[in-house]
Structures are given as structure tokens and as C-alpha cells.
4 protein chains.
Amino acid sequence: MQYTYVTEDLKKKMKNLRREFHRYPETAWTEYRTAWRAAGELEKNGFQVYTGNAACCSDARMGLPSAAYLEACEQRALSEGVPKLIMERIGSGRTAVAGILKGKFPGPVRVLRFDMDALPVEEAETEKNRDYLSRHAGIMHACGHDGHMAAGLGLAEILEKNRDKIRGEIRLLFQPAEEGCRGARSLTEKGWLEGADELYCGHIGMGEKRLGNITACSGGFLATTKLDILFHGKPSHAAKAPEQGRNALLAAAVCTVNAYAISRSGRGEGRINIGRFSGGSGRNIIAGEARLEAETRGETSEVNQYMKDSLERVARASAAMYGTACEFLEQGESRTAASSPALAEKCRRAAESMGPGCVYRTTGVFGASEDAAELMGRLQEQGGEAAYFLFGTPLSAEHHQPEFDFDEEVLAVMAEFYSRILLD
Amino acid sequence: MQYTYVTEDLKKKMKNLRREFHRYPETAWTEYRTAWRAAGELEKNGFQVYTGNAACCSDARMGLPSAAYLEACEQRALSEGVPKLIMERIGSGRTAVAGILKGKFPGPVRVLRFDMDALPVEEAETEKNRDYLSRHAGIMHACGHDGHMAAGLGLAEILEKNRDKIRGEIRLLFQPAEEGCRGARSLTEKGWLEGADELYCGHIGMGEKRLGNITACSGGFLATTKLDILFHGKPSHAAKAPEQGRNALLAAAVCTVNAYAISRSGRGEGRINIGRFSGGSGRNIIAGEARLEAETRGETSEVNQYMKDSLERVARASAAMYGTACEFLEQGESRTAASSPALAEKCRRAAESMGPGCVYRTTGVFGASEDAAELMGRLQEQGGEAAYFLFGTPLSAEHHQPEFDFDEEVLAVMAEFYSRILLD
Amino acid sequence: MQYTYVTEDLKKKMKNLRREFHRYPETAWTEYRTAWRAAGELEKNGFQVYTGNAACCSDARMGLPSAAYLEACEQRALSEGVPKLIMERIGSGRTAVAGILKGKFPGPVRVLRFDMDALPVEEAETEKNRDYLSRHAGIMHACGHDGHMAAGLGLAEILEKNRDKIRGEIRLLFQPAEEGCRGARSLTEKGWLEGADELYCGHIGMGEKRLGNITACSGGFLATTKLDILFHGKPSHAAKAPEQGRNALLAAAVCTVNAYAISRSGRGEGRINIGRFSGGSGRNIIAGEARLEAETRGETSEVNQYMKDSLERVARASAAMYGTACEFLEQGESRTAASSPALAEKCRRAAESMGPGCVYRTTGVFGASEDAAELMGRLQEQGGEAAYFLFGTPLSAEHHQPEFDFDEEVLAVMAEFYSRILLD
Amino acid sequence: MQYTYVTEDLKKKMKNLRREFHRYPETAWTEYRTAWRAAGELEKNGFQVYTGNAACCSDARMGLPSAAYLEACEQRALSEGVPKLIMERIGSGRTAVAGILKGKFPGPVRVLRFDMDALPVEEAETEKNRDYLSRHAGIMHACGHDGHMAAGLGLAEILEKNRDKIRGEIRLLFQPAEEGCRGARSLTEKGWLEGADELYCGHIGMGEKRLGNITACSGGFLATTKLDILFHGKPSHAAKAPEQGRNALLAAAVCTVNAYAISRSGRGEGRINIGRFSGGSGRNIIAGEARLEAETRGETSEVNQYMKDSLERVARASAAMYGTACEFLEQGESRTAASSPALAEKCRRAAESMGPGCVYRTTGVFGASEDAAELMGRLQEQGGEAAYFLFGTPLSAEHHQPEFDFDEEVLAVMAEFYSRILLD
């Protein structure tokens, strides 16, 4: 690997940043400390920075946590150094950050997106991570977003140092709530793609295990819908009058089994999951309430729609079966997407210029959903081009696992690659 | 109604006690403030009082809450006035209280049981209860145990005042954790029925709506088993590798549906309920863990055993169906019971002596489970006699409902009736 | 046992008749040969005999088999000796037979019912039944109705011989289609209970194992509904376009599981069964059609109604869950009933007069459904009295089993008992 | 379309043959009349013909119907003209036919397969098919195999007329029981691929709607397993002793629902279907027996294996859940396959030589299973080449529908195309 832009010092800085983010993981819409640090770094590097209502369309946020949880996270962030004035701007889940750097020469508007949220996973301590183990119980950067941000902020420093070479305008977007596909719309609705020509997004790992591999995803993003289903029944005494209850828990169980039984489709692959189930108030009470957290996916938006329609039909029928009512709360949504062929050649050249260790490939397989698809699809619809890359790295465990960790060298690959695309 | 033992002052005192208990409801095994107050009243009335390890066989307690919850409740009780020295005795869920009063004359050993625990129900404020509304969020005396205790302590005062008339020995047992049939064994195993001749237990309401009715239950207590079922599977990414997961949530849902589908029995009525379901860690993860809180009941212990065996078979098969393992945690158990015919005549006379407003009846129907059955059955096995009474009162809502309340006049009926049995 | 009316010759005659009926069993609404023989015997004994439309209200018949099956059974009956002219009267499932004998003296109108239909059970050959084994493949008198008829016709001969002693009018009803509670209404609607004062029905066996026991059922008949549920979906190729199908078989399977899961009721015991399931047209086709044969029962008509309403709700929801339609075809229905107390004393005397071997008892337990309840309830509603008896006999296997058989001595007990009631 | 080999007379002959086959459809393993006619035509055209045990490995047949059904079909075929002597050879389901024609010149051994079986579908009468409507109630050539045979026999006549041009050896195989993937093994095990170099199979329609389109399937055959699952329980009286039964029908229903709920796989598309369900003996009996007809499919054999393993696990657990036993009867199996690239060029040339109306394409999508895959895979494993073609034709309804019909011109396309491959 040949690095032109990434120095040893920058490598070290990115590593430190990543580890700091890793120590203070924050879940979707509570990335207060994270946003504060990202905004600070961008400012230091001469970016025009936008936060709070200036960065984020509040009404377009999906799957916001409870006010109580937001509040508790704000307190934690304040105790960890976020100034009160900043919190006034970004509190209540307004955690998006955007930084703009304008070049000296006219040129295209290019946007890069980095995601910020961590996951509700309890980190497992290992020999390696002892130094930067999560300090937030039950929360962990188990997907690599800490690395994405570190690379993005490393890139910011490179851009600042190479400001003379910048043509047009560069927008770095730090997105909240990528998990669950809940946050991208708060950026698109705010207008961050207006006038944009190119969009670059990416992810470390995701099946790419070899450091140096850069793989453009020409497709395979699954369209997805995140849905909570609430069943409202009527409690009753389980021994004396079970027939007077309307068993919401049983309705939800029937819904669960039959959700998985939704017919496979000849039009493409679909997915369904009931990831959480909670219901009932006591052992000897016919349960009056139950909640399912569900998601559907589809190889195409059509298949996802088929899955979602089927799920809603199953849920409604399950509710009716036991005399209960059901309610749907949409918690997130994303679509399919594909890297624009028009960008392929330029990207390939950027990667190959990094030496023989850097292998550029394309794949049609992503096999999961990505909130980036919302940004990519939106830009492509308005005539722009978008690309999505996987940056290879060995992992110590799969994404979302308590032992997840990666080779931090990938941060250098990521920053260098983006730099070459933007500056060469 | 003619009261010989219950004075207007005592009525007022019982009402106040009941309302105090009502304000500070405590769920099973956390009746710290309750136990402290009960013990205090007994002592004041000259009873020899036993608490903590002296009252309660710790190993025989079932369905104990988590250490964290016990601890939190202890803190709350301390803040509400329980002295530290008392808490040292009764902490960690050792909340049983026993009071013994010996008469001047030789005579039988007679035991009365009063239950102390409240329910995890959020009380609804009404015109009537404004003054004594629960001060513990989400907890409520929604079954009437507050009334039982008040009547029991009123009885203690009567006994003290009529000590001269007492023959033999009277034991008043204040039992924790009646709900879920979890606490009676901690009393029987401690030996409180040793040498006992008669046992009296009872409940207000339970379908008896007319004030003055006293109904002896000649049967109909349902045998019951309380069981938690844990499913242990393997999480996996719901989109990329759903087939690698072992879906514990789905297994639990299948178990739930099929638990209700256990065949009715030609040998008697049974009941089954899955009262709580919690499973899964995140929407996009095939759930690795799930827990069900179940109970079975039977008109006879044989039918209950059939229900329980069937439930375990269904659970094991559900677990196997999705490649998961299951585990059973027994949380409570009770048996069937019947009032001893030998006591009937005496009780009838006691009731009828209270005037025409007091109607004594017997019924074979109880239709629920009662931890008292453990005490009754145990005493009857060793040759003693036991009786269970329902004390009629109009209710403002059914037992276990947020609006539950009763006519406090029933406390006088209960105290007077027991007094006549013990003293006349 | 002392027989006044039943002679050794009559015993032999009843045995032969029973064995003849046993050899030629006929299922509901196809009792052609049976009806012909019963009518012939009644005529021989001087009864005024009614058959075909004169005996049976065609529109009130429930659960009639297909025209093709009726036709096939008619052909079989013709080949077994039924004259064409008789078949013209009784063909198409008009198989009820009524015989009236008027006494010389004025007196009450008394009705006795005997049921005629056999079951779709393949008889097992034994040492004992070799001589009278069923000649109709897959059909068997596995419940004892052959015995009921033999006793009824034996009674007819006794009545004829004691005509002088008869007061009032005696109606012997030979009912088709008792199984499934499908035939009684065709008699009540025809008016056979008009003007009637007393009704006597009975059954051999049914848990009464001791020969000589005669037990009056004071209750315990389960109300019941027999229901076919048809699911209409849409077939599609299971590999190429499974999502285009509407899976009727899957809807029916969901209905089946959840039918059993209908909540037990605190108001009394219920029963549910899906006894048959047939669906689908080919292994590789999403099934477009499915049919369930269901029944509900209840300790009371209210509980049965609850079960039936719940089943229909479950079925409708199951159908909706998979985009299919469902249809209900009622196939039978009966109610609860109880023997009239007013008849008890007379019956007891009749039984006790038969000597010490004959033990008369009453029981509240029947535990199954009986089409007789329709007749009993109807008569009681219009002011008459009704009684239902179990006549004890050892069985070689339970009712409805391939090895079912009984002690033919019970026929004598039955005929003698009825004779004493009617003649003494 | 330019026809060199197919004359107007031959077109007419093929049409007549197809309509004759259509009039006398015969389901799997009962193609008696069909085999007799095919063998006769081959003989007439100078082929060495093999039938009965000489054509078919009896032990390798899968999913054979009952002896009674085979016998009934033999009687029908005899009544429709099949000579007794022929029936002695081919009776009992030995219906494969093979014809061999050796050329004058040395050359490759080339095999063509045509399938013979019809489907259990009741044909719908239309304006068009009145003349050749199925004469066998409930059976219909609803997939086009009648056309395949007619084209194959037309080809036989062409080969006879062009015998001088034939190099090597040509084997025409007429296969029974393609539906359900049950018959191919009886040919491979008999050795019909021994020494073979090339294999050609094909199907009309299957999504190819344009007459003249010839599409080589480069993949997409789904691996499949056909499985009957029997549940053995214990019957009991549904009202008196439901708890004593072991409900096989309920176990099968649970199996059905959960079979569909088998997790989708990240390794490729799968399919599952329970196409038929039959269970139970009577409405009021807890069902002692039930049978499911199931199939699994997979994009790869690995996925099919995953589906099959999962289905068996689900079935075993469903059986255990209700105390029943289950048994698996394998009824058919096929694998994935792909046309050999080595044949592609030759085939393309043959098609394109037929003029601009004939469009040759390749597709990776077949989307269903084909017993041909067994032959193709077997030959490819031993070093030979195989190709599978779809011959386009408009359809009046989808395959397997009662209104299915096609444009008989496709027979000429098929015969001409195969002739050019074999003779040019």
C-alpha cells in the first residue's frame, strides 16, 4: 500500500480518534458526545460546520428513543464534557453534523457520508481492546462506525492540508442512526444533497476480509422496513375468567410464527425477522398488551413491499383471531441502491494507484440493508452519481458481536482512497 | 350486624391501618415496611413476635426477585422509616412475621394466616382512594391483602383485650408472597403448623359481593404450578445469515401457541397461561434468548400435573423445532384444598350469632389458586383441621384491576367473626 | 334379575335381531335396510307404522351425505332385499320410522326413542363376533345402536302381547343419524312430540359396566355444534410463483392449531376438535382448497356458543391471514338436557322391582353429546317430562373402537325395564 | 421459420398424435396406452424398441401409486386397445420406452428425452379443445408432455427418412413420471446414458411465450426433494377423553405452519410446500393418523439439503409435541443442473439456421425443478455434455391449470431444431 496523503502521524491520530469514539459509544439519536467531537475536529480543519437544527430535519427522523432515554443520554454526555451551550443546540436527538469545505477552483459538489451510531451490545473484554473498552454499559461500537468517523475526520485534515487542490465543494456528512435505517432521511430532507454531483459512502468489513481490498457494491442492498407492531387486548384473571380476556400476547405469538411463514416469492429474495417480543404484565393474567419489533427486507423494493404487506396482513389477522387490535409504528425504511457505473472508472484508477496491495473489485452482493441507499437513490434520482465501497479488514468477530474488532490500518486505506478520489 | 368485640374505635383503627398499608404497597418478598408495621402492632398487643430467620425458612422461598430489586426495595423501606436494625433482620426477602399469644387456660393451638404482598399494578386514582392512593409507582394493593392485615391486627388488639378468655395458643401468621403461591412453604417449613390443631384463612371479595356473607370454601382451590421457561438459541444477522441463527424467540412463540392448545382433559378442568413473554436483543438479529412466564392449574392435582407435563413436552418440542435448548425454572406451586367439615358447625354458629345480616354458606367453587392451600393441606395431613372463608364486600372493580377497592366495613366483619371463633 | 315380560324366546329373538342389524350396519341417513326391517317388525306387532315423508321432516335433516353416496347405499340395500316400493318411500335419506300403538284405556302419550345409525369404523374380527361380523366394509355398529333397536323391537312384541294393559298411546321412534346429532330434529319438526307427555331414551354402556345397573342421567349432556369449515384460496406453482398463491391448506392448519388454543372458560367446561383435515391438490401446488371437520361442545349451551363463536372468529382470521375466504357448513347441533325429576320415582320403582341385581342410580355426568337432548329439551319446553338412562353392560372395547362389543343380556334388561314403566 | 425436415404432412401427423395423447392422459407410472403408442410409432420408423423391464429399472422408480390404482389403470388401458401381451410386459408401472437408431457412419451417441406423464387436473372444456378434450376424468395433459412426445415421434420419422445422414447412434427415451421428479432414475439406473456423449432435453412454454424462441437454460434448475410425512398418534373420544388421544392431525398442522416458517437462507433461495394434507377419521375423534405431502427446493443442492433437514427437524419436533411418532417416505428427488457450454455454439447455429423468426437465447433462470436434471447431471459427471431448451409458445393458461393449452406450431419448431442438431 502506498500512502500519499496519509502520514504516520495521521494514522496515529485516526487510531486515537477511533479509540476515543469506541470508548464512548452512543446509540441512535443520542450521539451527543460523538457529534460534539466530530464538529470540533471539522472546525479545527477549517470546515464550515452545521449542527442541531441547521444540520438535521427533525421531523424526518425515524425511530427516535423515548424522551426519558434522550434526557439520560444528554446528562451522560454533559458529564463527559459536552458543553451546555452545545447541548442546547444538539439536544433532543438533533445529532447530525455537516461540514463544508469550498475549493479555490470551480468544480463539482461532492458529498461523503460517515455514520456515527453504536449498538446496544455489551462489549466483551479482550487482550486487544482493554485500552479502549466501551465505558457505556450495554453499548458498543460493534459495527465499525467509530472507524468510519475516524477516517472521515482524518480525511478532513488531509483536505485542509491540500486545500489548494480542491475543486468545487466538499460536504462531509456525519449521520446519526444508521442502524435501523432511521437517520438518512433527516439529512436528505434538510437538503444536503441539493446541488450535489457525487456521493461516496462506504463500510469497513462486511465480508471483505483482506486489508487493501476495496469493493464497489454494484447492487445487493436490501430494501427494508422497520416496523413495531403493538397488540392491544384486554387483561383478565387467567384462572377465574380466562375467556373474558383478549390475549394480546397470544395474538403476537401467532403473528410471530406466521410472519416467518410468509410465502417465499418467485420475484426475488425476501427476509423477515421478529427481533424482539415483549408482552404481558403478570404470570396469572391474560396479557392485555404485547409489542413486536419486526423488519422486512427485499432484494427489490417490490419484494420488500410484498413482505411488508404480508406482515401487516398477518398481524391484522392475528389480532382479530384473539379479539385484539393492532397498531403499526414505522421505525425505519430504506431502499435498494447500486453504485453508479459512471463513477466506476475513476474509482478503479484511484484504488489501483495505491499499489498492488490495493485490489479494486465490484460485487452485486451486499446482502444487508444500508441507510446510505436512501442518500444514493435520492441523488441518483436527481441526476447525480453515487458509489458505495467496502473496505476490507480482518475482523476478530462478525459485525454486531460482542468481540467485534478490526485492523485499524483500514482507516488509512479509507482516508487515502477518498483523498485520491477527491484530490487527484 | 352485631359487633361484640369490634368497637367503633377499633373500626377506625383498622381503617387507618388498612389505608396505611394501601399507601405503601410492597410486592412479594419485599414487604419490609409492611412487616415492620405488623410486627410492631403485634408487639404492642403483647404478642411474642418472630421476624426474619426466626419466622421464615429462607430455603423454602419460591420466586424470589433479583438481588438488585430486593436491595432497591430495602432502600425505599429505609427511607420510609424502617429502622436499620430491623432491616438487618428482615432484609434479603425474609419478610414473614409470626405472633404468638398464649391463653391462661389449656386448649388447642389455633393458627390464623394473613397475607401481606401487593401486586405490580398501577393504581388508578378515583374520588374515593385519593386519600390513600399508592405512593409506590406501579405497585398496588389490588387484591385486598391490606385489608386482611388490618383485620388481623385488629384481631390482635381484641385478643389482647380478651386475654382472659383465651384457651390454648393463638398464632397469627403474616405471610409474604401469597401471589404466585410462593410464600406459604417458607412458613410450613419453619414449623409454624407444628402442634397446631386448627387453621383459619380467608379472603375478602372473590365473588362474594354482599357485606355480611361469610362463605366457607369446601373445595375448588385449583392446584397450580408457576414455571419460567427459558429458550437458549443462537443469534445471527437476520439479513445476511438468518439460517445460521437458532431462533429462541420463534421457539418461544411456537411454545406459547401450542401451550394454549394443550388438550382439555376429561378428568377435570385445567388452566394454562403464558402471562409474560420477553425475547430478543435487536430488530435485525435472529433472537438468541427468550423467556416465558407460565402457569398451569388443575381442578385436581392430577389435572395440574397433566397440564404441567404437557407444557414441558410442548416447550421441549418447540425448542427442538428451532434447534434451541430450553430450561425450566419452577417459581411457585400450590395444591387443592378443602375446608374441614369438622369445623363447619362451629363456624356456622359463630357467623349466625352475629345477627341476621350475617349469612353463612358453603361453596365448592373457588376457581383460583391460593397459597393457603399449602398450609391447609399440610395441617390436614398431620391430623389438624382447616377452614377457608370468603368475606363478602362490594368491589369497585375486580381483583387485580387498577380501580379495585372494597367496603372497609368488611374488616369489622372479619375481625368479629374470627374473635367469636377464638373467644366464644 | 327377574324378568316378567321378557321370555327366553324373546331374548333369543332380540339377540338375532341385534346380530342381523350388526351384520348390515348403515351410516347416518342410509339406514335403508335397517328401517325396512324395523318397520316390518313393528307392523307385525300391530303398530301403525309411518316411514319416509310420513315419518321424517326432510328439511330438518342435518349433515346429509352426498347424493352419490345415498344412491350407492340404496343400491346396496336393494341388493340386500329391500323391496323397490319401500325404497321409493324411504330413499334419498328419509329413513326415520315411527310406530304407534294405542291402548284401550285413556292415558298419557308416551314416546320412546331408539337410534339406528352405525359408524364409519372398520370392524375387527374376534372369536366372538365371527358369526355376526359386519358385511359392509368400513362400517360397523360400534356404539350399540344395533342393540337399542333390538330391544326396541323386543319391546314392541311385549307391548303387542300386553295390549290390554296399555293406557293411552305409545310411540316408538326409530331415529336416523344420531351420531353427529343430526337426526333428532327431523323427528321433532315432523311433530312426533306433539301431545306427548313422557319421553324415554337410553344407551347401553357409556361407562356403566355392570349388567343390571340402570342409571338415570340427571345432566351432563354436552351441548354441541358440528361444523365444516371450507377454505377457498388460489393455487399457484409452489416453486415459480408461491407468492401468487393463497394457501388454503396453510390457513386451515393455522385455524386448526388456534382452534385448540381457544381459551378455556371460567363458566364451564368446553371441548373442541378438528377431527378431519383434507386439503390441497398436489405436492408442488400451493393448495387452493382445504376442509376441516370440526365440533365444539360445552357443559352448557352458553359455553358451547362461546366455543363456536370463538372457532368461527379463529377460522375467519386464519382465512384472512393468508388471503383466503372461509365458509361454514353446519352439520349438526344438540343441546344440554337433564332427566325430569318428576319421573325419577316411577323409574326407580320399575328398576327396583326387577330384583336386587338391578341397581338404579342417578348421575350428573354424561360427558358426551346425545341427539336425544334435542327431543328431551323440546318436550320439557312444552311441559312434558323426559328421562335418559344408561343400561350397564361390560364392553370388549370402548365405544367407537373396532373391537367394540357388549353383553347381549343387556337387551333383556332394557326391554324389561321399559315394559315395566309402560305396563305396570 | 424455415422448415427443412418438417413437412406439412408431418405437422399434421404430430398434431394428431398430440391430440390423441391429450385425449388419453395417464398419470405417472400408468402411461400404458401412451407407452404402447410411442413404442409402436418408434417401431414403425425402424427403431430398435425397448419396453418393460428392458427399458426401466423397476427398483429405481420413486413415488409409485398403489397396486390398486395401477391395476385400475391397466384395466382402462386394456379397454382402450392396449393388447394383453403388451400389458404383460409393461404392466405394474414399467412404462418407460426407449428407441435406438444406429447411423451408417461412426459417430457420437446422442440421447433425447421426452416425458410422458399427465397430471391429476380436471380439464376445463373450451372452444378450442372440444375435439381433443381429456377422456379420463380428473386427469389432463396440463403441462405439455403430450406435445413433447408428439415432437419426439415426429423426430423419429424424420430420422428414419434421413437415416443416411445419421452418424453414430441416436437414443430416444420416453420417460414416465417426470412430475415429482420420480422417473429419471429408472432410466439412468437401467444404463441408458452409458456410452452417451450428448443429451438433449426440453420443454415447451415455461414462461417463453413467443413462438420461435429457443432458450437454452444455463442453470436455475432447483434441486428438490419430495417427501411424505406420516404422523402416527392415538385416537380417543374428543369429548369424554380428549387427553388420552395423541393428536396426529394437530401435530401435522403444527408441522405445516412451521415448515413454512423455516428460516430463509443467506446461501440461496429455497422453497417449501405442503401441497396436500389428509388426516383424521371422524369429527368427534381425536385424530390418530395424518399425512402430509411435502416438497423442498433449493437454488443449490446445499440449500435444498438445508430445507430438507429443517423440515425433518420441524416434523420430528411437531410429532413429539403431541406425543405422536413421525415417519418419512421419500417420493422423489432431483438436483440442480446447467446446460453444458460446449454445446452452446452448435445449438445456436442450429437455431439461427431456421431463419430470423427463430431466436436463440440463454437464461440462467428456470425457477422450477426438472427430472431431466438427474439425466443431465449424471451424463455430465461421466464426462458427457447436456443441454436443456425451452421452446416458446403462447399459452391459453399457465402450466398445470385446467385451461392450459398451447400453439401446436411449437411441435414443428421442436422437431426441426432437434433434426438440425442431429442431422446437419
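Placed from the backbone N, Cα and C atoms, the Cβ positions cover glycine too.
Taken straight from TrEMBL:
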type	residues	note
BINDING	D:CYS143, D:HIS145, D:GLU179, D:HIS203, D:HIS400	Mn(2+) binding site
DOMAIN	D:229-316	domain 'Peptidase M20 dimerisation'
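Positions of the features from TrEMBL, shown on the structure.
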residue	record	Cβ neighbours (10 Å)
D:CYS143	Mn(2+) binding site	23
D:HIS145	Mn(2+) binding site	27
D:GLU179	Mn(2+) binding site	26
D:HIS203	Mn(2+) binding site	25
D:HIS400	Mn(2+) binding site	21
Open item on the list: Same chain, not part of D:CYS143, D:HIS145, D:GLU179, D:HIS203, D:HIS400: whose C-beta falls within 8 angstroms of the C-beta centre of the Mn(2+) site? Give them in sequence order.
Closed with: D:ASP115, D:ASP117, D:LEU119, D:HIS141, D:ALA142, D:GLY144, D:GLU178, D:HIS399
Task: DSSP-derived class (H/G/I helix, E/B strand, else coil) of D:CYS143 (Mn(2+) binding site) - done: coil
TODO: Please work out the helix, strand and coil residue numbers for the domain 'Peptidase M20 dimerisation' (D:229-316) from the DSSP assignment.
DONE: 32 helix, 30 strand, 26 coil
- [ ] Among the binding-site residues D:CYS143, D:HIS145, D:HIS203, say which ones reach under 8 Å of chain C by Cβ distance, listed as they appear in sequence.
- [x] none
Open item on the list: For D:HIS203 (Mn(2+) binding site), which of the three DSSP-derived states applies: helix, strand, or coil?
Closed with: strand
TODO: Average the pLDDT scores across the domain 'Peptidase M20 dimerisation' (D:229-316) and report the rounded value.
DONE: 95
Task: Three-class DSSP secondary structure - D:GLU179 (Mn(2+) binding site) - done: coil
